[in-house]
């Protein structure tokens, strides 16, 4: 039994522990870097649903999301944004910005059944968002202007599939 302990004592435990700690620290740094890039610079997201047809596919698209533009206030009418759903904060949805704070927006109240239109002025610090497919989208026409703070990113390109411009649970047409 004493031979076993001698061999056990001959193993360079300090260098093994040092190497393990060094590699664990490197992995932790990599995870931190990925988190910072994903949440604060840019990320990828999957968008699916009928709300943004024809700009995005019904079955789903992988899109690149710019997280910096939102913080710098560089979101404007025409931009497609990723935002926290005002109806279900556990969901992220994609919508097109139609109006910013102070803008006057005219929209069809019930596009499937009538031509009745309504005009609203978007409050300061809010945005008016709508899906491109007005017949199958839950958007500002139902829940009103959305606080700018709910916008998490601006979609700037489709990654997959590669043709055209892509689809984030743009749905919300329950």
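Heads up, the Cβ atoms here are built off N, Cα and C, so glycines get one too.
Features as listed in TrEMBL:
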type	residues	note
ACT_SITE	51	active site
ACT_SITE	95	active site
DOMAIN	27-107	domain 'Peptidase S26'
DOMAIN	118-160	domain 'Peptidase S26'
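For residue 51 (active site), the count of additional Cβ atoms within 10 Å of its Cβ stands at 30 [all protein chains shown].
Rounded to the nearest whole angstrom, the C-alpha distance between residue 51 (active site) and residue 95 (active site) is 8. Cβ neighbours within 10 Å of residue 95 (active site), excluding its own Cβ and spanning all shown chains: 29.
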